[in-house]
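One structure below.
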Amino acid sequence: MLTRITLPSPAKLNLFLHIVGRRPDGYHELQTLFQFLDYGDELTFTLTPEQPGIRLAEPVPGVPDSDNLVIRAAKALAATTENTLPGVTIHIHKRLPMGGGLGGGSSNAATTLLAMNRLWELNLCEDQLAEIGLRLGADVPVFVRGHAAFGEGVGEKLTPTNPPEDWFVVLKPECNISTGKIFSAEGLTRDTPKIKIRPAFEGDASRYRNDCEDVVRKLYPEVNQSLEWLSQFGPARLTGTGACIFGRFPTESAARIIWESKPSGITGFVAKGVNHSPLHKKLTELK
């Protein structure tokens with residue numbers, strides 16, 4: 001029986017994000033293109049039969065354990081069985097910024113669902129895990145599925161796609177963005193015409209955009225300044241509601257040249273876009 005497992009929890013980018021309408025329940029209808037990065041957090045799960053319960057090895061600063069998506073994911077999974085389950089201690093090695101639009105919390109939740117499904121030998125299928133994930137957050141299912149995808153609805157209706165696996169410079173301006181503030185903004189575009197799946201990743205990338213970007217640029221000058229700087233070298237875009245932005249480059253060396261010249265005070269990283277999640281690659285190796 002497997003008692004310990006260490007797994008990656010990759011970042012995602014929204015290569016574009018269009019808001020195509022608003023539902024009666026107030027949620028926005030989206031069309032977006034998700035792609036993973038070969039960069040992210042790392043989670044270690046250790047079963048503790050002698051110590052029941054679900055716990056973090058160390059608290060995440062600023063996030064109560066009861067609100068942490070890792071704890072919530074493990075508890076949601078445990079609720080699917082009446083069997084007595086061994087306890088687990090979870091160590092989170094964070095590299096992704098919180099609230100950056102990179103899906104860090106959602107990715108952590110998905111990694112937890114897949115890891116604990118295996119450690120607890122629950123044998124739930126991917127569809128069941130994605131359904132649990134959706135209750136935790138709209139971005140969790142794409143991490144559970146593990147393939148780049150065209151997302152619709154609130155982002156949960158997924159069609160696998162294979163956009164080019166380019167290199168990215170990802171920058172994190174020094175500000176924290178409220179997603180609720182962006183989606184409730186008066187000037188937010190909410191009527192972008194729907195596109196079909198095939199054109200979602202073909203042709204000129206500048207034809208597509210992030211509908212949140214104009215509002216974010218107006219409300220957060222730090223993001224605007226970073227986008228202006230990165231746009232000197234090619235199309236630059238917001239991911240999610242930010243604050244992270246990204247620029248696409250054909251090679252690692254081209255990306256690193258730009259990275260080395262970034263303004264002081266801005267954090268971030270260089271990473272490769274990948275269509276098959278590093279999490280799922282690792283799980284396949286462990287079979």
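Please read every residue number as a count from 1 along the shown chain.
Each Cβ is built from the backbone N, Cα and C atoms, and glycine gets one as well.
According to Swiss-Prot, the protein has these features:
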| type | residues | note |
| --- | --- | --- |
| ACT_SITE | K12 | active site |
| ACT_SITE | D139 | active site |
| BINDING | P97, M98, G99, G100, G101, L102, G103, G104, G105, S106, S107 | ATP binding site |
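Locations of recorded Swiss-Prot features on the structure.
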residue: K12; record: active site; Cβ neighbours (10 Å): 27
residue: P97; record: ATP binding site; Cβ neighbours (10 Å): 17
residue: G99; record: ATP binding site; Cβ neighbours (10 Å): 19
residue: G101; record: ATP binding site; Cβ neighbours (10 Å): 28
residue: G103; record: ATP binding site; Cβ neighbours (10 Å): 28
residue: G105; record: ATP binding site; Cβ neighbours (10 Å): 25
residue: S107; record: ATP binding site; Cβ neighbours (10 Å): 28
residue: D139; record: active site; Cβ neighbours (10 Å): 27
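Here the CA atom of G99 (ATP binding site) lies 13 Å from the CA atom of K12 (active site).
Only G103, of the binding-site residues P97, G99, G103, have a C-alpha within 10 angstroms of the C-alpha of D139 (active site). Summary of the ATP site environment: with the site residues P97, M98, G99, G100, G101, L102, G103, G104, G105, S106, S107 set aside, the chain residues having Cβ atoms within 8 Å of the Cβ mean position are A11, L96, G240.
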